[in-house]
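One structure is given below, encoded as structure tokens.
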Amino acid sequence: MLSRCSASFTRSPLISLSAQNRVKRHRRCNSSSKTNPAQPSALPHPRIDYRAIAENVVKKSNNVINRKAPLPAGAIDHVSRTYTEYKRLQNTLNAKRNTRSIVGERIRKTAGQGDAEAKAAALAEATQLKADVSELEATLAEVESELLTLALAIPNDTHPNSPLGPESAAACVATHGPTPIPSDSERDHVSICKKLGLLDLESGSTVTGSSWYYLLNEAALLEIALTNYAMSIALKHGYTPVLTPDVVRSDIASRCGFQPRDNSDPPMTQMYHINTPPASPELVLAGTSEIPLAGMFANKVFPSTTLPLKVVGMGHSFRAEAGARGADTRGLYRVHQFTKVELFAVTTEEGSETMMKEMVDIQKSILEGLGFPFRVLDMPTEELGASAYQKYDMEAWMPGRGSWGEVSSLSNCTDYQARRLHIRYRRPIIKPTDAECLSPTSTGLPFAHTLNGTAAAIPRLIVALLENGATFDEQGELTGIRLPEILKPFWIGQESERGVIEWV
């Protein structure tokens with residue numbers, strides 16, 4: 001959008017022509033965009049490491065290419081040049097401020113000496129310096145705003161071991177569970193649900209629209225059991241239970257890096273926006289409880305001795321899925337609203353890899369207890385969300401669909417979210433050695449690392465359980481569903497009077 005706006009004006013002796021044009025373009029484009037200035041963020045501006053971007057242009061550019069991030073060619077180089085201009089303006093401004101202080105001192109001295117001519121010259125210089133400083137401050141603010149906007153579009157770095165390429169390049173790390181049963185259209189979960197009265201898609205379509213649904217009878221009880229089962233496993237591993245809000249500020253979602261878009265041209269947002277009064281913050285329905293969980297820790301500093309902080313949240317996820325097509329939209333596999341139990345952790349920089357291993361073990365434990373075949377995939381670069389440094393997916397075998405289907409994911413976001421949400425920690429104070437006293441040290445508080453992983457995405461677990469657990473008689477007629485015994489303690493009420501469920 002910036003490239004389409006043009007402007008020219010008189011060159012200032014303080015500001016380069018490129019900076020002036022950039023600022024003018026930025027102002028004109030912003031004036032024509034649909035923005036609401038009455039919606040300030042509740043958090044400070046994100047703290048992006050501009051120096052790291054400027055010093056690693058080639059590496060960052062290759063990362064953008066490998067991830068197929070929606071950035072124009074030369075975007076990283078543009079950030080680097082803008083950062084150089086920002087530093088130049090900052091140095092010029094500091095020099096002017098310093099000169100203004102010197103002139104102010106000179107004014108005070110000449111006033112005491114009664115030298116009217118020297119005082120008048122100093123006052124004239126001070127007036128010019130005040131105007132110069134004011135102009136530089138305004139320009140610096142504009143350039144800083146542009147720099148931040150450009151840098152926020154850059155995705156996280158990528159783990160060196162992540163496979164390169166599209167989804168097909170995913171590396172299978174491990175397989176678990178029984179041998180997959182053959183594909184069978186009779187095991188399609190939609191057909192099973194219709195025969196057993198477990199799902200009402202027609203009423204969902206009437207009341208809300210396509211891909212909205214009602215769970216009935218044992219399917220409704222199964223959701224409750226799965227939710228409590230997954231929560232119980234997380235609690236055994238020291239996670240604090242949380243019930244999250246389903247509505248969040250769009251600013252929080254954006255800072256988390258959750259900006260899913262479909263493959264249409266132009267891409268369409270996958271988030272549901274809520275109409276709010278003009279002076280109110282823009283609100284959206286949470287695409288995942290990861291967002292409100294991350295927001296719990298925003299703008300806080302934690303003693304490193306209290307980390308890791310581990311929470312497990314239960315909330316609803318809302319996805320517009322505007323461009324979704326094909327078999328994935330059938331039944332419960334890809335829907336607009338679903339219940340999800342989410343693991344979230346805040347760690348030190350040194351602790352995030354260990355936490356990644358711990359969380360994947362918890363996810364495997366949950367799925368192993370459910371008894372169906374699943375596999376763990378190390379996801380390739382093009383499948384990583386903006387915030388993910390490394391991502392594992394877990395896919396269950398779904399014989400009715402005739403394919404593996406994602407039921408869980410786990411992402412290490414390193415400091416990507418923490419820099420945007422201002423989640424920091426304080427290291428223990430250790431008395432430095434003499435050698436350390438002679439070397440420069442960073443006095444700033446380090447940013448934490450955040451990780452998030454699915455404990456249970458309920459509808460897809462129901463798909464896997466129904467399609468793997470369906471039972472048939474000798475004539476091939478559906479007779480019921482076998483469910484794992486591990487869910488029985490979480491089942492509400494007595495055994496099903498309809499005789500649909502068999503515990504194994």
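Including glycine, each Cβ sits where the backbone N, Cα and C put it.
So that you can see what the record holds, here are the features copied from TrEMBL:
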- 18-44: region 'Disordered' (REGION)
- 30-39: compositional bias 'Polar residues' (COMPBIAS)
- 119-153: coiled coil (COILED)
- R319, A320, E321, V335, H336, Q337, F338, E406, V407, S408, S409: ATP binding site (BINDING)
- T454: site 'Important for serine binding' (SITE)
Whole-number Å value for how far T454 (site 'Important for serine binding') lies from V407 (ATP binding site) (Cα to Cα): 8
Residue pair E321 (ATP binding site), T454 (site 'Important for serine binding') - Cα distance, angstrom, rounded: 19
Same-chain residues at least 6 apart in sequence whose Cβ lies under 8 Å from F338 (ATP binding site): H316, S317, A457, I458, P459
Spatial neighbours of S409 (ATP binding site) that are distant in sequence (at least 6 apart) but have CB under 8 A: M379, K391, Y392, D393, M394, G453, T454
For ATP, whose listed binding residues are R319, A320, E321, V335, H336, Q337, F338, E406, V407, S408, S409, the greatest C-alpha pairwise distance in Å: 19
Neighbour count (Cβ, 10 Å) for V407 (ATP binding site): 25
Other CB atoms within 10 A, centred on T454 (site 'Important for serine binding'): 27
